[in-house]
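Chemist: Below is one structure. I have some questions about it.
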């Protein structure tokens, strides 16, 4: 077989001339005796040898010729110039031409000193590499520096040898894994029960690499068929712990959480004051109800109503507290860490709820469903209790002095709560311009509405997390698009649909990250609970249009 020989140089500062017309006619260059089996610079000939030579503009000294052969003779490197290798000492032809190359180098140096100087600035785009300019190369290096740390290739090789095999998971392909491709996704064929294999892999990974990486079991992307053992085909993703795990809560986050807490207290007190609208001074009522009012009234007029507004404020804050305690109680046995809650104030409901992040990776989808549902269920339990007690007090004739008058059209904001109120208070009370109700009922109504908004199946809201855990990532994408459409059309939430939709788009639109075991199903009863919860959420946030409200006796439509 043939031998491929190439000539390079030990210096790093050189330019290559690729066109023949750029090569000066040097007197020391000899015409090769064979077009196919000779080195253009070294004038060396060999049998069955093909040589490839690059001609530099300067620094002809210290020329090295590398020869690679497939005849099994081992090292094919030879050098000429300042010294000779062991191969040259055993090659008579090479030894005979060494003197000629030295003489050629001396003539080359003399020629370079006499000819006009040529700029040695390297070209913008290297003809020997990819077509990237200097700015693009610098951008790639900056992205590499600022981006997340990638998986070490040496660790990948070690993990493949220690974890995967014919009896567990046979790797056939590797792909980038993670938001920025910082991890490795192993695709292949599963050879056992997925839960058993995954538990074995986690144990082996800790033994091989220690506490350095996290291994995820996810559904194989773009799989054409299902696993022969049932369920989707699985793949295993590898990420560094510092990349995959959430970071700690910073000091500025604590400051923001405290400021939002103070604002939520203010908005809750404001809701309590607004619930006494029939008692407030006329100038205050006009300012809050008339859109043309510009000059604010004297706020000192509201001070006498703060004490009577506190029960409603306590109720709103109590629902938020129960909500967060529910999350914590469900997360503690699973050893899942949660961030501090970031309360979102709202003047209509007192609060839009809170943003609570997972500060550790969830072990499986069942844990995601349990933690996500625990908060809304706890908050809904307290809200429903206050709403029921408020309804009973509103229907009690002896509690007339504690009741406040609210427009009956407010009951059209929720089909479910409106029907419950109509069944409890009766047709005569509801079919009037105003309805006397207890302030505790207002706190319960606002708590149930806030809980229902947080249970919408979209993004990383509690409802979105629960649906993603129960039915998978594809389901949350479909549910999310439907929810955005219904909020945009005002089908859910009525007047609050637009502000809530903007809040979700800005703060909560991104779905939750996958669990370590993101494949194993959660079971039928969890799916049933999530389905019923979403159905009740729709009934709670579905407003009642005028014709249906007139038929059901919810509000006096003809007076508006």
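Quick reminder: no glycine exception, Cβ is built from N, Cα and C everywhere.
Predicted automatically and left uncurated, TrEMBL annotations should be read as such.
Sharing the record's features from TrEMBL:
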type	residues	note
REGION	66-130	region 'Disordered'
COMPBIAS	67-99	compositional bias 'Low complexity'
COMPBIAS	104-115	compositional bias 'Basic and acidic residues'
TRANSMEM	251-273	transmembrane segment
TRANSMEM	302-322	transmembrane segment
DOMAIN	313-472	domain 'Peptidase M50'
TRANSMEM	342-362	transmembrane segment
TRANSMEM	374-394	transmembrane segment
TRANSMEM	406-425	transmembrane segment
TRANSMEM	437-456	transmembrane segment
TRANSMEM	484-507	transmembrane segment
TRANSMEM	528-545	transmembrane segment
Chemist: With an 8 Å cut-off on Cβ pairs and a sequence gap of 6 or more, do the transmembrane segment (251-273) and the transmembrane segment (528-545) reach 3 or more such pairs?
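Modeler: Answer no: the transmembrane segment (251-273) and the transmembrane segment (528-545) share fewer than 3 Cβ pairs below 8 Å.
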Chemist: Using a cut-off of under 8 Å between C-beta atoms, tell me which stretch among 302-322, 374-394, 406-425, 484-507, 528-545 contacts the transmembrane segment (437-456) the most.
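Modeler: The stretch with the most contacts is 374-394.
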Chemist: Report, as numbers and ranges, which residues of the same chain sit near the transmembrane segment (374-394): CB under 8 Å and 6 or more residues beyond its ends.
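Modeler: Same-chain contacts beyond the flanks: 315, 318-320, 322-327, 329-330, 356, 402-403, 417, 420-421, 424-425, 436-448, 450-451, 454-455, 462-463, 533.
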Chemist: Does the chain bring the transmembrane segment (406-425) near the transmembrane segment (528-545), so that three or more CB pairs sit under 8 Å (pairs 6 or more apart in sequence)?
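Modeler: Contact confirmed: at least 3 Cβ pairs fall under 8 Å.
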Chemist: What same-chain residues lie close to the transmembrane segment (342-362): Cβ under 8 Å, and 6 or more beyond its ends?
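Modeler: Residues 214, 244-246, 248-249, 253, 256-257, 260-261, 263-264, 266-268, 270-271, 274, 312-313, 316-317, 320, 323-324, 327, 334-336, 368, 371, 375, 446, 449-451, 453-454, 495-496, 499-500, 503, 507-508, 512-513, 515-516 contact the transmembrane segment (342-362) from elsewhere in the chain.
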Chemist: Across the domain 'Peptidase M50' (313-472), what does the mean pLDDT come to, as a whole number?
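Modeler: Mean pLDDT for the domain 'Peptidase M50' (313-472): 89.
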